[in-house]
Amino acid sequence: MHELALAQSIIEVVEARAEECAVRQVRTVHLRVGEASGVLVEALQTAFTMLASLSPVLAEARLAIEVSPHRAWCEPCASSFAVEDFIARCPACGTWSTRILSGTELQILDMEVGADPQQGGQEQAKNG
Ligand SMILES: [Zn+2]
């Protein structure tokens, strides 16, 4: 259910953006999802496909999800490490890190839009 609400907000953001840019058809929405964000990528895909089919602007749209790894920074070692099972502890020196570098984010990166015949064929609009 969480993913359904999430897909709904993504679609609302993209629809607003499309309207702003006078875009009639969005082809691809690029999304970055942290592996520790708690989002189920497959459920999100399903929810997105279902809701997008109801939106004229997004009816043809595909959700392209990039999963970012959960990583943290160790100050004493001045290096980053992979966080396993939500335990942000440096494998080299054992220090507990409070600086998470990535893996918890949820972010729309950009969107690709279809050609608009009434505007002479703009092929792609990017933001970010
Ligand atoms: Zn360390």
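Cβ from N, Cα, C; glycine included.
Among the features that TrEMBL reports, Ni(2+) binding site is placed at H2. Non-local contacts of H2 (Ni(2+) binding site) by the CB criterion (under 8 A, 6+ apart in sequence, same chain) comprise G38, V39, L40.
Secondary structure from DSSP puts C90 (Zn(2+) binding site) in coil. Feature annotation from TrEMBL assigns Zn(2+) binding site to C74, C77, C90, C93.
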Next item on the list: Counting other Cβ atoms within 10 Å, pick out the least crowded of the binding-site residues C74, C90, C93.
Entry: C93
Margin query: Other than C74, C77, C90, C93 themselves, what residues in this chain have Cβ atoms within 8 Å of the centroid of the Zn(2+) site's Cβ atoms?
Written below: E75, P76, S79, F81, P91, A92, G94, T95, S97
